[in-house]
Amino acid sequence: MKFIYIKTWGCQMNEYDSSMIISLLQKKNEYSLTESVENADILILNTCSIREKAQEKLFHQLGRWKKIKNKNPEVIIAVGGCVATQEGKEIFKRANYVDIIFGTQTLHRLPKMITEVEKHRNLSIDISFPKLEKFKYFLQPKKTGYTASISIMEGCNKYCSFCVVPYTRGNEISRPCDDVLFEISMLAENGVREINLLGQNVNAYQGPTFDGKVCYFSELIRLVAEIDGIDRIRFTTSNPLEFTDDIIEVYKDTPKLVSFLHLPVQSGSNKILNLMKRSYTVEEYESIIKKLIIARPNIQISSDFIVGFPGESERDFQETILLIKKINFDMSFSFIYSARPGTPASEIEDNLNIEEKKKRLYILQNHINVQTMSWSRKMFGSIQSILVEGVSNKNIMELYGRTENNRIVTFKGSPNMIGQFANLKIKKIHTHSLKGELI
Ligand code: SAH
Ligand code: F3S
């Protein structure tokens with residue numbers, strides 16, 4: 001038995017890929033997962049390059065692992081993910097003790113690459129883009145709780161000027177609809193109640209069907225909603241660009257689709273959106289939200305924001321703040337712009353100093369935090385449906401679960417409720433969680 005240690009940076013897609021790497025390696029019962037770097041025979045790093053210092057972070061980590069390899073030269077070090085896809089052999093040039101470099105689309109070849117390295121002790125590298133091939137090798141996603149994520153599409157064609165994803169994950173490609181539905185049915189049979197449909201742009205989903213047709217995203221959600229046992233559906237991430245009316249319609253007739261939508265706008269200034277090559281205007285974004293509210297009056301919206309994009313004036317920034325107030329976003333992931341090598345935005349002159357960028361980020365996050373709290377306060381006294389996930393860490397007499405809008409609620413209940421939905425009355429509002437009472 002050999003031991004693998006895996007470190008994962010970045011998005012949910014990377015988490016998903018890492019879980020697939022683990023199940024692929026465990027398939028033959030030759031490998032077991034370890035939490036201890038010192039005990040590992042194979043060290044795997046699944047990297048992310050979406051924001052700054054990805055390379056430095058990688059070489060820092062590799063430096064630490066080099067010491068382990070110095071002690072035990074038999075250890076195999078494998079680097080995968082977005083930095084590996086972008087940098088390829090350059091990684092080996094700087095760290096010649098790395099044995100394997102694999103890409104975001106070639107992780108299923110890892111077991112073979114490990115065998116090769118064990119035999120020949122030469123660098124094994126494969127960062128090609130064989131479309132969807134990896135999914136043929138992936139095993140059924142293992143149930144790790146009562147919620148599960150499933151990848152429905154890969155890559156992105158949008159080429160926003162700041163973003164590396166199209167270069168590291170390749171062009172958009174959708175998995176066949178029947179494969180997705182089959183996997184979700186299997187998860188449901190194993191007790192999964194909530195499903196998260198994953199992809200860089202899930203609303204661009206166009207999955208081939210068994211009879212040669214195309215299944216669009218709106219149809220896919222309705223089909224997932226028909227699967228017995230699946231009672232809650234989420235998706236991450238969608239893009240305002242193709243958030244078409246047929247998707248908005250689903251909110252009218254599919255209650256299993258949560259009343260919470262992460263729809264990243266990035267900026268509230270049309271000038272900046274144009275420089276970002278987002279291909280929509282603030283007005284178009286607002287119009288989508290208006291239609292969504294008509295379809296689902298209680299919907300809550302969250303977003304990603306980039307502050308300090310090259311050329312962002314104080315006025316542009318104020319337009320973002322205005323939009324934040326207008327939409328009344330419930331939460332956000334917000335970042336200072338980070339120039340990514342090879343992207344068009346990295347060529348735009350950037351005159352704004354880092355202190356000003358930090359100040360803007362702070363102001364933006366403050367506005368969002370106030371709004372998050374006010375959305376939470378509105379929940380006081382309301383009845384919320386919770387998917388009970390487990391026993392609370394803080395108090396073993398309590399259980400915890402999540403609301404549709406992603407709030408963690410703790411409450412007194414019995415362990416046989418874990419994995420079930422429960423209706424709670426919200427009794428207390430804390431900054432990061434809520435307290436409820438069974439009704
Ligand atoms: N498909 C999604 C974005 C996925 S990338 C969309 O259309 O919005 C996740 C988030 O990382 C982005 O929404 C953006 O806010 C942030 N991000 C991407 N590249 C970045 C960069 N160069 N600098 C700062 N933030 C970035
Ligand atoms: Fe990136 Fe834009 Fe696609 S942010 S993931 S290129 S939609």
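Cβ atoms here come from the backbone N, Cα and C positions, even for glycine.
Marked as domain 'MTTase N-terminal' by TrEMBL: 2-119. The [4Fe-4S] cluster 1 binding site feature in TrEMBL is assigned to Cys11, Cys48, Cys82. Residues annotated as domain 'Radical SAM core' in TrEMBL: 142-374. TrEMBL lists Cys156, Cys160, Cys163 with the feature [4Fe-4S] cluster 2 binding site. Annotated domain 'TRAM' per TrEMBL: 377-439, in sequence order.
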[4Fe-4S] cluster 1 site shell beyond Cys11, Cys48, Cys82, criterion: Cβ within 8 Å of Cβ centroid | Trp9, Gly10, Met13, Asn14, Thr47, Ser49, Ile50, Gly81, Thr168
Nearest recorded site to Cys48 ([4Fe-4S] cluster 1 binding site) by CA-CA distance, among binding-site residues Cys156, Cys160, Cys163 | Cys163
Got a sec? Which of Cys11, Cys48, Cys82, Cys160, Cys163, the binding-site residues, have CB under 6 Å of any ligand 1 atom?
-> Cys163
Beyond Cys156, Cys160, Cys163, what residues of that chain have CB atoms within 8 A of the centre of the [4Fe-4S] cluster 2 site's CB atoms?
-> Lys158, Tyr159, Phe162, Val164, Val165, Pro166, Gln200
Rounded inter-Cα distance in Å - Cys11 ([4Fe-4S] cluster 1 binding site), Cys156 ([4Fe-4S] cluster 2 binding site) = 14
C-alpha of Cys156 ([4Fe-4S] cluster 2 binding site) to C-alpha of Cys82 ([4Fe-4S] cluster 1 binding site): distance in Å?
-> 13
With DSSP as the yardstick, break the domain 'MTTase N-terminal' (2-119) down into helix, strand and coil residue counts.
-> 61 helix, 24 strand, 33 coil
Between Cys160 ([4Fe-4S] cluster 2 binding site) and Cys82 ([4Fe-4S] cluster 1 binding site), the C-alpha gap once rounded to whole angstrom | 17
Around ligand 2, within a Cβ distance of under 6 Å, which of the binding-site residues Cys11, Cys48, Cys82 show up?
-> none
Within the chain of Cys163 ([4Fe-4S] cluster 2 binding site), which residues six or more apart in sequence place their C-beta under 8 angstroms from its C-beta?
-> Ile50, Cys156, Arg340, Thr343
What average pLDDT does the predicted model assign to the domain 'TRAM' (377-439)?
-> 95
Out of Cys11, Cys48, Cys82, Cys160, give me whichever of these binding-site residues has the highest number of other Cβ atoms within 10 Å.
-> Cys82
